[in-house]
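Trainee: The structure's right below; bear with me while I get my questions together.
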């Protein structure tokens, strides 16, 4: 029989070993009826020919076939019939969906017949080549690579925690780092080239829960860096308000040789209420001490005084510094500004903490100083004791062989005040103080505030050069084109020479107290330098960041590594930058292990309706210090039900904030021993366990707290509910007597248990 139909040709091509061009006659062992045969004329090349390879071996009587790899057929040709019925069409579609690509079955049931050689392929022990399909076309491989690239990109996006992670991964961590301030997790990540997530994970394993924007102190920074093999060098320097650095970097000046003698700048320092302002009142013939709120100075005040010596007038600039402990930065600033210092010590009070602090500031700044012992007109004053106390702080009077003049004075009667002024001028002459008025102006901001009529206003002490109207100044991140200059006598002037204290208008914003003011050539240059300085956080911003969200290792140890849930949020408006700095310095002294302090905003200016809205949104306490209310503020406060606290004395403000923090504390108790007893026997009464005890020390009280101790371990702590002697209820049992104790929630009494009775006394709430 000649096989010349298309079905058999394709079927044979899949199961035979070779295809030859010659015709072959095959005997069919299992003939089957073939349906739907369509005859067509074909060439000899299309005929199926089976030709056994003569070279194949016949080992063991088994016949091995060598199959040639069939050409890949189009999916459409899986149905070999040109004429389809509905059933065959559906079957082909189902097969295409299954996509069976792993193995070719010779006896596939999708054909309409069985090949006679199918038995051979089934019984053959081995086939010469694999029956697996050939590899897929390259197009499909390209698709796979493309999809892999997409998945890689997706993984990168998922893993990257921030935009700088790629740079962090590419940069190797440094061997050591230097820190000067507390850092946020983000800043630390950039500094040590370690991803934020790795830092947070490490701290979490240490039971320290932080966020990326949270500030951590040097102790935690050192712990993190040590974990990643990085050494830490702490260079936390005392804040001198940027004086030295700004002066060193001032390139607006040049040497001209036109130096002239300038008046000395004298700072008056000392403990609160020791008579600093009273002394200056006497010198200036004024009465500022009685005008000050609370009787204390709360800002640096600058005065120009003319001292007449032997018919010669000599100008002296005095700086009056606050003596309250909150104004440490102001005293430090005064010590750095001054040419000569006066340290006031009250004869009836002696050396106090702020006295010692002032001495340290002056000695560190290497400034000559005079000790003035005030209030010698009071009874009981003893200057010799004060001189002896000063020896502890390396201050030796001229009388004892030292170099520090000590002058007893009375600011009320004026006793020895002239001698004090003469001593100051002599020390100033020894310093040979000079300045060049031909240079551009250079000075320092003593105070600054926002005036509702004139805008930002600053008090400037000119140290060198001359300041003119229309000069361009750069003051930190602020700049100015001077519109008005007002001298110490409240007069408008056109220029100010060295050692002058003036008020200036025309600033772009309120500058920070202690900032250096430099005159530059043009308005454009001033703006550019101000923009450069904007990127550097001011001292006030640094202090606020360090105060807010502050976390230390000590804090976490004291709170058993629990998150601090108690928090007070504050919005504070002050009268000037100096007050702002003083308040932040005071608040930073409060420990935050128990209550977190969060300063949402602190700045000079009036209290406005916007502040009220912010307080309502952030659930903050709105506080004012020596400031006023803008129009509409009180109405907004009443509408939002926001209480505004306004203070005029700084220590009242600080104490009130401290009290608010303490009110949030949970009560703490101390245990006061009352008595001791021992369980002699245990008996039951109406299904209740009663401990028969003998009081061995002091007494037992009904409703008192007790600890039940067994084998030196506390097994129960609670209150005595019932205390009986025989059958009688009693309030207390004295030592040497027996009693019965019942506690409903404790029934596990045993003979020999020790009972320690105590009272819980509430402790005074404290943040420390």
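Backbone N, Cα and C atoms are what each Cβ position is placed from, and that goes for glycine too.
Swiss-Prot lists these features:
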BINDING   270-277, 320-324, 374-377  GTP binding site
COMPBIAS  54-65  compositional bias 'Basic and acidic residues'
COMPBIAS  160-176  compositional bias 'Polar residues'
DOMAIN    261-434  domain 'tr-type G'
REGION    1-20  region 'Disordered'
REGION    54-77  region 'Disordered'
REGION    155-176  region 'Disordered'
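So where do these features actually land, and what's packed around them?
Mentor: Counted within 10 Å of its Cβ, the other Cβ atoms near residue 270 (GTP binding site) come to 27, all protein chains included. Classification of residue 270 (GTP binding site) by DSSP places it within a strand.
Regional average pLDDT for the domain 'tr-type G' (261-434) in the model is 81.
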Trainee: Once the chains shown are all counted, how many other Cβ atoms turn up within 10 Å of the Cβ of residue 276 (GTP binding site)?
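Mentor: Taking every protein chain into account, the count is 29.
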Trainee: Taking the Cβ of each of the binding-site residues and counting other Cβ atoms inside 10 Å, which one has the highest number: 273, 321, 376?
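Mentor: Checking each of 273, 321, 376, the winner is 321.
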Trainee: Based on DSSP, name the secondary structure state of residue 376 (GTP binding site): helix, strand or coil.
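Mentor: SS state of residue 376 (GTP binding site) = coil.
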Trainee: Check residue 321 (GTP binding site) against DSSP and tell me helix, strand or coil, would you?
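Mentor: Note: residue 321 (GTP binding site) is coil by DSSP, not helix or strand.
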Trainee: Let me know the DSSP-derived helix, strand or coil state of residue 276 (GTP binding site), please.
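Mentor: In the DSSP reduction, residue 276 (GTP binding site) maps to helix.
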